[in-house]
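Here is what TrEMBL says about this protein:
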| type | residues | note |
| --- | --- | --- |
| DOMAIN | 22-286 | domain 'NADH:quinone oxidoreductase/Mrp antiporter transmembrane' |
| DOMAIN | 288-335 | domain 'NADH dehydrogenase subunit 2 C-terminal' |
| TRANSMEM | 59-79 | transmembrane segment |
| TRANSMEM | 91-114 | transmembrane segment |
| TRANSMEM | 150-169 | transmembrane segment |
| TRANSMEM | 176-194 | transmembrane segment |
| TRANSMEM | 200-217 | transmembrane segment |
| TRANSMEM | 229-253 | transmembrane segment |
| TRANSMEM | 273-292 | transmembrane segment |
Amino acid sequence: NPYILATLLFGLGLGTTITFASSHWLLAWMGLEINTLAIIPLMAQHHHPRAVEATTKYFLTQATAAAMLLFASTTNAWLTGQWDIQQMSHPFPLTLITLALALKIGLAPMHTWLPEVLQGLDLTTGLVLSTWQKLAPFALLLQIQNVSPTILVTLGLASTLVGGWGGLNQTQLRKVLAYSSIAHLGWMILILQYSPSLTLLALLTYFVMTFSTFLVFKLNKSTSINALAISWTKAPILTSLTPLVLLSLGGLPPLTGFMPKWLILQELAKQDLAPLATLAALSALLSLYFYLRISYAMTLTMSPNNLTGVTPWRFSSPQLTLPLAIATTATISLL
């Protein structure tokens, strides 16, 4: 129903906007709750056991994170008399809130729900979950000062490593995308303490790249590596572009995805954190490996050329093609 859909999308926008605009923890929490409640019907709209299971997992995780956040902010108000987001000073609520927000966006070691949830959703809702749902918690993470750098660096490093290792063994594209999301978030959290503007740059480029990846998979109607391998006959142009999009997501030099990684490594080196930068760069190699494997499956293996499966090359849905063209161009050539 278009009316219900419009209401839910409005709720999504409203929740994020409330969190963006708030300086009071209670309002920020309310925004996050509205956000969660608005996306749940969208996730469960295909009445499929997988979708329902994913929705339940997502709801429980987000409710736990929101409860932690509320508990931490009330504890802070109790200890310091402050409800203001910028004025957080006590280490205990600060740590708790950082962990709650990490659980919200799926940073390692609180990441295990993300691949499971993403695997149960269709690609459009998965796209919303991977991009829009990250905005509000990120706004809060950027606003809280004086968190101990150890926590953020540990979360960031764990996420980049888990995002690399976890994606190696996957054949399902949505799970691969979930692990790539964890790895990218890890990069953002690593640099959060030292250069928030770089975090925002990484977030923005990640959004553009994820957008084009999800749209490509949606057009190919492919959710596993096998489905991608036989997509050559469906859309040759798309199949030749997709490896570039994937390699950009992995962070290969002449493509857009390399830019945030390059700048982040440079900033980490400036901060005398060379071992950290080295570990992060090595974990990026893991991600690169599984993107290369998908690219290989798409372009360098001969797919069975079944004439019945050949569809016209022209795409019938312009509302999908234009954003895809814009996002893909940006993903490949922004550097």
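In case you wondered, yes, glycine gets a Cβ from its N, Cα and C as well.
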Confidence summary (mean pLDDT) of the domain 'NADH dehydrogenase subunit 2 C-terminal' (288-335): 78
Contact call for the transmembrane segment (91-114) against the transmembrane segment (176-194), three or more Cβ pairs under 8 Å: yes
